[in-house]
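Undergrad: Structure below; questions to follow.
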């Protein structure tokens, strides 16, 4: 049935322990919205919703009139659905994985390798790095979203080295002074910053656990006495330590920018960019890979040496890490998040309450559409029948196909669409 090119999907849920629990999770809310018969279990984490054709979470095709049961199988049968440029560039594979994340506890100090490093890590350690692809990714906040991203300006790091003696003890006086003296020379600053971070991350466990316990005790006592603990980043420190006691990653907050994104704001995480997700709900889009190098705030495999060697030691303020979206000149409902990687782009579609008829425009790429808010009836010449759209509906749209929406909700619609705009 090659003529069927638009259809709804049932997508995989990942119940990782760091996810928000039960009905608190945006993932759970979307699952119930998309399938009113779904049962959400109290006390169970609903961490990620995977929308794509990745082998670890290949989406199911809802319509049993279509012979193939998963999106990956369907694309393998009909690779033309990707669009000719995408099909040729990515060897007949959907190049992106689209997700929703609901983060309750911190999600690892990590970075993703570039293509060259990914291939080398996969060849050497396939059990830890399962494919040879790079993994640039972008997070777009659905709720107020907290994370760590990129190295802070040197002035801020030096401020913490002065006000947090436990942190300075791990970095070392000589290394800290080298960082201070490097200011004004970007090359020397990068080298000194790498030395500082690597020295801290490679401290003997007893040393950093003792210093962390001293720091937590001091900040707790200062807070109880009504003192301001912001010079030690006290609130965030205590939160991370409660989640990962005795973890070296707790000290990373003195090196990395603390990001707080409002809904609709985004951060792009290119190769070698240190980051962590701390709390909140977000849309995430990435190259179709599962390669992550971790070094803290995680029970998973830790590879400190690889992480310290690969990172981009380029200090910059938190404000520079917010990735801008661009308003579409021809459609006031559309905003485009378009990073400088070929694998993916994300389109946000916000249809106001006054608009009752809207067309999801064709693009020269397969795309996946997620409804965040609103109700509509969707029609397409490439669909077997009309599709009811509601919160949580996921729709696959083949390249160069349009979808007409008859909007029935009183408050308009909010949707995100992942695609590959080569």
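Each Cβ is built from the backbone N, Cα and C atoms, and glycine gets one as well.
The domain 'Phosphomannose isomerase type I catalytic' annotation in TrEMBL covers 6-154. Residues annotated as Zn(2+) binding site in TrEMBL: 110, 112, 137, 275. Taken from TrEMBL, the feature domain 'Phosphomannose isomerase type I helical insertion' applies to 170-256. Residues or ranges marked as active site in TrEMBL: 294. Taken from TrEMBL, the feature domain 'Phosphomannose isomerase type I C-terminal' covers 336-376.
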Undergrad: Count up the helix, strand and coil residues in the domain 'Phosphomannose isomerase type I catalytic' (6-154) according to DSSP, in that order.
TA: 40 helix, 43 strand, 66 coil
Undergrad: Taking the Cβ of residue 110 (Zn(2+) binding site) as the reference point, list residues of the same chain whose Cβ is under 8 angstroms away and which are at least six residues distant in sequence.
TA: 274, 275, 276, 292, 293, 294, 295, 298, 307
Undergrad: Neighbours of the Zn(2+) site 110, 112, 137, 275: Cβ within 8 Å of the Cβ centroid, same chain, sequence order.
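TA: Once 110, 112, 137, 275 are set aside, the remaining close residues are 111, 135, 269, 273, 292.
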Undergrad: By DSSP, what is the split of the domain 'Phosphomannose isomerase type I helical insertion' (170-256) into helix, strand and coil residues?
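TA: Here the numbers are 67 helix, 1 strand, 19 coil.
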Undergrad: Using other CB atoms within 10 angstroms as the count, which residue among the recorded positions 112, 294 scores least?
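TA: Relative to the other recorded positions in 112, 294, 294 has the fewest Cβ atoms within 10 Å.
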Undergrad: Would you mind ranking the binding-site residues 137, 275 by how many other Cβ atoms sit within 10 Å of each Cβ and giving me the lowest?
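TA: Among the binding-site residues 137, 275, the lowest count of other Cβ atoms within 10 Å belongs to 275.
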Undergrad: Of the residues in the domain 'Phosphomannose isomerase type I C-terminal' (336-376), how many are helix, strand and coil by DSSP?
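TA: Helix, strand and coil residues of the domain 'Phosphomannose isomerase type I C-terminal' (336-376) number 0 helix, 21 strand, 20 coil.
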Undergrad: Over the span of the domain 'Phosphomannose isomerase type I C-terminal' (336-376), how high is the average pLDDT in this prediction?
TA: 97
